Amino acid sequence: MRLLPLAVTVLLTLSVAYYVYTPIPDGIQEPWKLMLVDAALRTAMRLAVLKHWLGFDHYIKSFRRYTQGFEGSVNSYLTSDSSGGVIPGVKVSDVTFAGIPVRVYEPPAGGEGHLRRGLVYFHGGGWALGSAKKGSYDVTNRMVSDELNMVVVSVEYRLYPEVHFPVPYLDCLTAAKHFLSPEILAKYAVDPERVAVSGDSAGGNLAAAVAQEISTDDSMSVKFSVQALIYPALQALDINTPSFLQNQNLAILSRPFMLQFWLQYLNADLSLEPQLLVNNHSALRHSTLTPELRSRVDWTTLLPEKHKKNHKPLIVENGSPEILKEVPGLLDVRAAPLLASPEVLAKLPRAYIITCEHDVLRDDGLMYARRLQDAGVMVTNDHYEDGFHGCFSLVMWPLDFDVGKRVLRGYISWLQKNL
Ligand SMILES: *[C@@H]1O[C@H](CO)[C@@H](O)[C@H](O)[C@H]1NC(C)=O
């Protein structure tokens, strides 16, 4: 009867492999590690949805706790809050800027009259997940502060489901304006000529939108000198760009998942998802969607040839005209910074845009890079052929990916040279 345990073991192993397995494109290194991360996220999401369904808690809140608990236990020994952890020189304080909670990282003071660089950072997580204080963001911001002699302000903006657009954007804008005021910059010994705004994913969306608002606000005497956007989400009018289609079922951020984040952020009904997946919201019949606006997200003209491949634009004739009225955020530049006019773009600071080949948001970033260049803004676009969405946050053992570490090194070295 030795066969039974063997059979059970084989069956269990096969079921685990089947559960964990998800197709990963050839270009991505360490595919099994990515499958494991994705399986952990899927499991957390299933548990969260179950708890939601049983009436315990909103699924986003449970999912947030699970992912933070996981990341937190992995990284806690690296950062150990009170003792200062791996980077003892950096002072960390949790304060509020005009009522908005922020975590400030200060490198050691460099003596009388010595000014440091500054950076305002917005973390990613679909406007619903993540925290300035937890996980990889805390670690990378300490590192950035230390290596670049930089005062980093990481903003703890409010998230969905507690709030939705425009609250997260306004929280970020309020905190950014407060930091840019001459008194606060002086208090932190920050050079007003060397302040950056940055963020990843949904945080890249917020960074782009805040940069646009501040660049065009004549009442602001200090403005950002550079913007560094890491695989930003910049529009939801076309959910059928080549990158949305190419990566639609990819680990970490699938196309339906990204669309769900958008609908939640814009306070729209999730039942609209099937309509948006077929671009019914941006049909030709819409008077509110002018040819001018359409051209600002037209990947057929804005993308380099090599990324268009054999894709054809999905433009429907009739669609559902009411969606743009029901969900005004879809046409609001504060939610979709890619829709800004060339006149606004021309006022923006130099840009660093990181894009990843294996990412539904790749084309958002590539189109923005092109539109900024066309408006006369200096742009560096670092495109990672083996990059995938979220890799910037996967840099610490055991959740570390080589490409994530390269993206982080590239980010730090660009800021070193350009700020
Ligand atoms: C998209 O719009 C068309 C025209 O109104 C409609 O027939 C179709 O059912 C819509 N598609 C979806 C998925 O709702």
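Indices start at 1 and increase along the chain as displayed.
Every residue gets a Cβ built from N, Cα and C, even glycine.
Whatever TrEMBL says is automated annotation, not expert-curated.
Features as listed in TrEMBL:
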type	residues	note
DOMAIN	119-274	domain 'Alpha/beta hydrolase fold-3'
ACT_SITE	Ser201	active site
DOMAIN	330-392	domain 'Alpha/beta hydrolase fold-3'
ACT_SITE	Asp359	active site
ACT_SITE	His389	active site
Looking only at the domain 'Alpha/beta hydrolase fold-3' (330-392), report the model's average pLDDT. 98
Rounded distance in angstrom between the Cα atoms of Ser201 (active site) and His389 (active site): 8
Run through the Cβ atoms and count how many others sit within 10 Å of the one on Ser201 (active site). 29
Please report the Cα separation of Asp359 (active site) and His389 (active site) in Å, rounded to an integer. 5
In three-state terms from DSSP, label His389 (active site) for me. coil
